[in-house]
Amino acid sequence: MALRRSPRLARSSGPRRAIAKASSSSRGASRPKPKSKPKAKPSQRSSAIGPSGSSSLGPSRWHEEQRWEAGFEVVAGVDEAGRGPLVGPVVAAACVLSRNLDLDLDGINDSKKMTEERRVHCFEVLTNSPGAVSYAWHAVSASEIDEINILQATMKAMETAVGKLPKNPDFVLVDGNRVPKGLDPRKAEAIVKGDGKSLAIACASVIAKVVRDGMMRELHKEFPHYGFDKHKGYGVPQHLRAIAEHGPCPHHRRTFAPIKHM
């Protein structure tokens, strides 16, 4: 897999620049009897990958590669966004990446660890690369969350997103500690903190997050006094003060504190 780095993002790559500098040869000013140093080997993404699939350079394709070697051709990653907020839907996305991926996804990771600018950049790349990426997402509303609880709503969103993929995957990598009941446990695996380990899950994480953020900005237009465009529905002080002053809106989750106590 080759991940191209755009010049704009490369300038802000921080630790990666340090890695690149450490792994490249350099020539200093002439000095008498310079101390010889062993030649550094080029930095490679695969060399930093541990047995759990984790990598010092971010999520890798290790988990996908293990499934390919086991005979599973189409491997999807699935993740959710919006379990914790007090308002709005929970959204899950499923994503399948081609084996010979060659996209500018520099800096992709668990979406919560990315800047909004970088999330949106990666989202645009992923959703506009039909030959290299297939994806689908599904949202479960606040009212249904109240009806079936947030865990079941999350599992439903994940399972439905996988079912919406253009082609049924042979294996599904799920972020978290459990596999939705509707997925074949022989063809799925839950990976704790998978959005920081598996590239397919990380891509699904970005898609789910950007889609949900867009929904919250739309809700902000209808209910501007809550500030949904800024906090996306989480229980920050500004949001709690607005709820105390205006009461909950129709999209607030009635089973979540402090709303359930009002």
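Every residue gets a Cβ built from N, Cα and C, even glycine.
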> According to TrEMBL, ASP79, GLU80 bind divalent metal cation; which of ASP175, ASP184, ASP213, ASP229 is also listed for that site?
Replying inline: ASP175
>> Can you tell me how many other Cβ atoms are located within 10 Å of the Cβ belonging to ASP175 (divalent metal cation binding site)?
In response: 26
> When DSSP states are folded down to helix, strand and coil, where does ASP79 (divalent metal cation binding site) land?
Replying inline: strand
> Ranked by the number of other Cβ atoms within 10 Å of their own Cβ, which of the binding-site residues ASP79, GLU80 ranks first?
Replying inline: ASP79
